[in-house]
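A.B. asks: Residues or ranges marked as region 'Disordered' by TrEMBL: A:353-381. What TrEMBL records for A:31-56, A:68-85, A:117-139, A:151-171, A:191-213, A:243-261, A:276-293 is transmembrane segment.
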Amino acid sequence: MTQLQEPVQQDAVPAPETTAGRGRRYWFLKAFATAGPLPFLLLLLVVGVTLVNPVFLSSSNLSSVATQSVYLLLVSLAQMLILVTGGFDLSVGANVALTSVTSALVMQSVYGGVDEYSGIALIWGLVVALLVGLVVGLVNGIGVAVLKVNAFIVTLASMGIFTGVTMLVSGGSEVSGLPRVFTHEVGSGRVFGVVPVPLLMILPVIFLLYVLLRRMKYGKSLFAIGSNELAARVAGTRVGTNLVMAYVLGGVVTAYAGWLLTARVSSGQPQLGAELAMQSITAAIIGGASLLGGRGSVGGTVLGVLFIVGLTNGMNLMRMDSNQQNIALGLALVLSVLVSRARDRARREVAVMELDQGATPPAAGPVGSLPEQRNPLAPPS
Amino acid sequence: MTATVPTVSLQEISKRFGPTLALDAVSLDLLPGEVHVLLGENGAGKSTLVKTLLGTYHPDSGQILIRGREVAHHNPGVARDEGINVVLQDFSLAPTLSVLDNLFLGRQPLRRRLIDTAAMREAAERTRELVGGTFSLNAEVGALPRSEQQLVEIMKAVMGKPGALILDEPTAALSEKEAERLFGIVDRLVHQGWAILYITHRMAEIRRLGTRVTVMRDGRRTGTHLVSAVTDDELVREMIGRDITAVYPHKADPRHLGPTVLRLTDVSSANGKVRDVSLHVRSGEIVGIAGLVGAGKGDVARVLSGLEHTTSGEVEVLEYRTSRPQIRKMLAAGVGFMPEDRKRESLALQLTTADNINLEASSSKAHGRFGFLHRGQLREAAISMIRRLDVRPADPQQEVGLLSGGNQQKVVLGRALTRPRKVFVVAEPTAGVDVGSRQQIYEELRRLCDDGVGVLVVSSDLEEIVGLSDRVYVMHSGAVCAELVGDEISDEAVIAAAFGHGADEPTARVQEAV
């Protein structure tokens with residue numbers, strides 16, 4: 001631990017800036033506090049890996065990085081949503097496996113080898129998948145918000161339950177015989193030869209989640225619940241209902257990922273997504289979410305997923321074996337937590353600097369991003 | 001403006017909790033444009049009154065009128081809609097959200113079903129100006145200093161139409177300059193027609209801000225006065241005015257005191273709250289430390305228990321001398337502690353009464369060998385301690401978190417008593433403790449003294465300081481500013497010293513450099 005802490009402290013206190021005056025230091029801290037380290041780290045990753053192996057930036061490799069990211073991204077967004085509320089969801093992998101098997105069974109029987117029924121099979125598969133996600137989310141949400149059991153326990157239990165159900169439904173074997181449209185177009189199709197179809201299929205979800213969290217009352221209430229539940233309650237938020245809805249939404253988004261992943265692997269697989277719980281938590285945390293709740297963003301999670309998938313891809317290109325890769329990912333997670341602590345410090349420092357800047361008369365200094373001071377109010381009547 | 005209609009009017013409000021009558025037919029008017037000071041000791045019913053105003057508590061009898069109309073079912077939602085808000089000492093802010101998001105929590109203006117950030121920002125900037133804040137609206141609230149968080153909380157309360165604003169000891173944690181800024185805000189709000197209910201213990205603030213003052217004692221209103229028509233002495237008398245000797249045990253005979261068991265010489269703390277404090281405690285006496293909130297009295301106890309570091313000075317316990325007290329060494333030297341915040345600093349709430357009482361004993365060598373504990377012995381010890389202190393229920397297997405405040409405090413005391421002590425350092429021993437348990441705790445402390453222990457009591461409860469102590473140090477701004485012995489100890493004398501000068505002296509706070 002002590003060894004790891006060193007680089008962070010350097011991060012938090014940028015020594016070279018002192019000579020350049022407070023302006024420079026302010027902007028550095030402000031950038032760090034606002035955007036976090038990820039944009040910089042991603043750039044570093046891209047440059048570093050490309051120098052070792054230029055294949056990294058080829059369109060085929062980038063396209064495959066994008067495809068690999070899609071599924072983890074969806075699940076990580078769902079995970080982030082739950083983290084924001086102060087909970088977390090260990091059952092995402094079980095959710096994916098269950099949706100994969102059930103939707104595949106439905107598609108298989110509707111399709112029955114007849115190409116005319118491909119479209120309808122696809123739709124039924126999706127509907128069933130989303131329904132399964134809804135049920136999983138409802139179970140988790142009721143456990144957390146109504147029965148008020150800790151999210152760790154609830155989702156650990158539901159992970160076990162739904163894994164069991166998956167095995168019962170599938171008998172432990174793969175479900176194949178899916179429509180060709182599904183496996184070839186939805187799974188690994190390309191538009192204009194480069195843009196992966198799955199990527200296009202998740203863009204609306206990303207957009208909706210972004211709007212939800214940034215511009216809708218409901219999204220803001222989730223942050224408030226995760227940050228200070230009492231404050232949210234006092235402000236009139238329906239905490240229980242909103243929490244259940246968050247788990248349901250997370251469950252549905254995860255189920256959508258399960259359906260897409262089924263297309264990718266061309267069959268319903270009961271073992272699908274086992275590693276997703278840990279990976280999605282890692283990605284969301286690296287992307288700025290906090291286990292303590294109240295933090296997280298769509299943009300950060302996208303970058304976090306890109307970082308993880310990019311790092312894995314880069315390590316593959318550099319011919320590192322899976323053991324080395326696991327070590328690297330573990331270190332990345334620990335480091336990200338330490339960096340987020342430094343980021344908290346930067347936030348405080350920036351806030352105090354802005355206080356002092358705001359205290360000077362508006363005309364005196366270039367306040368830049370600060371909202372302008374208005375004229376004093378007219379004396380009250 | 002119909003200036004005569006009170007913004008809120010409580011009429012003959014009574015509220016009972018079990019056997020205690022928390023509010024006994026209390027009436028209170030809050031007029032628009034006035035600062036109404038609420039004065040009363042801890043437990044006088046102030047917070048029950050506030051919660052009734054906010055609709056958190058439903059009165060057993062009496063009426064609530066808002067802007068002249070009777071409210072049948074007052075609740076927090078009604079209070080919010082009518083602009084009745086409170087700024088407590090613990091803020092109800094979401095620390096990871098921005099100032100802007102906190103201000104509009106649950107009431108964001110919408111445009112085409114999406115949050116209208118521009119409108120939010122405009123309204124927030126106007127309010128920020130009203131309170132004179134200089135922080136960025138995008139700053140995360142948790143990143144701001146406490147004094148600014150208070151401003152955000154005030155902004156949150158005054159966003160809507162003018163109503164009633166309750167400020168609960170708002171200057172408790174503020175510096176002189178910050179307090180002055182707050183007074184300015186209160187003035188401006190009053191001009192805008194807000195009715196302010198201002199809870200404070202500081203006489204100077206009553207003079208600076210107050211229009212009227214209502215004094216409460218034991219759940220009753222003892223009087224409402226125009227601030228200009230009442231003296232501080234009268235207010236203090238109304239606030240205390242009861243026979244307090246009954247609760248307290250006899251005092252020590254000054255001729256039979258033993259040697260000095262605890263001595264602090266010019267001690268200053270790293271956080272700056274304790275400045276060059278020298279004091280001593282002799283065997284057989286109870287020494288009180290009094291002072292206003294923030295005067296540094298609690299920090300003296302924290303210094304002694306090693307929770308706050310010293311920068312200079314020396315602490316002496318019998319033969320043990322140190323410039324840097326550490327908890328283990330202080331315990332070994334014979335000091336027992338009862339910390340200020342029993343839930344955070346002393347009790348393991350999920351463990352049983354017996355386990356909590358034995359927490360220290362089980363880390364000593366008395367009850368076990370080679371790291372193993374003698375369970376039977378420990379159990380016996382716990383049971384006898386429960387009996388001695390009359391902990392209720394007298395069940396050693398009871399989970400401590402479920403006990404009442406008074407009984408929890410007895411458990412804390414019981415633990416301190418499991419080892420022989422020469423000195424006790426006790427902080428706020430009866431905060432949130434009922435009168436019955438209080439009396440038992442006082443008696444136990446006095447019995448210890450009679451057995452030759454020296455007790456140092458830090459307390460915000462004036463009555464307790466006066467009733468219990470043989471000698472009192474009064475602190476002001478981190479330094480000891482007065483020492484009172486025997487008959488010199490009176491409410492008036494302690495208050496006068498705590499304000500840094502005389503109780504009638506409005507500019508008491510100015511006298512910083514003692």
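Positions of Cβ are set from backbone N, Cα and C atoms, glycine also.
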A.B. asks: Is the transmembrane segment (A:31-56) packed against any residues at least 6 beyond its ends, judged by a Cβ distance under 8 Å, and which are they?
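C.D. replies: Apart from its flanks, the transmembrane segment (A:31-56) reaches 11, 286-288, 300, 303-304, 306-307, 310-311, 313-314, 317-318, 339-340, 342-343, 346-347, 350.
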A.B. asks: Is the transmembrane segment (A:151-171) packed against any residues at least 6 beyond its ends, judged by a Cβ distance under 8 Å, and which are they?
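C.D. replies: Distal contacts: 82, 86-91, 93-95, 97-98, 101-102, 105, 136, 139-140, 143-144, 268, 270, 277.
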A.B. asks: In the same chain, who gets a Cβ under 8 Å from the transmembrane segment (A:68-85) while lying at least 6 residues past its ends?
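C.D. replies: Sequence-remote neighbours of the transmembrane segment (A:68-85) are 92, 96, 151, 196, 198-199, 201-202, 205-206, 209, 213, 222-223, 225-226, 243, 246-247, 249-251, 253-254, 256-257, 260-261, 264, 273, 276, 279-281, 283-285, 287, 289-291, 293-298, 300-302, 304-306, 308-309, 312-313.
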A.B. asks: Does the transmembrane segment (A:243-261) come near the transmembrane segment (A:191-213), with 3+ Cβ pairs under 8 Å (pairs 6 or more apart)?
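C.D. replies: As far as Cβ distances go (cut-off 8 Å, pairs 6 or more apart), the transmembrane segment (A:243-261) and the transmembrane segment (A:191-213) touch.
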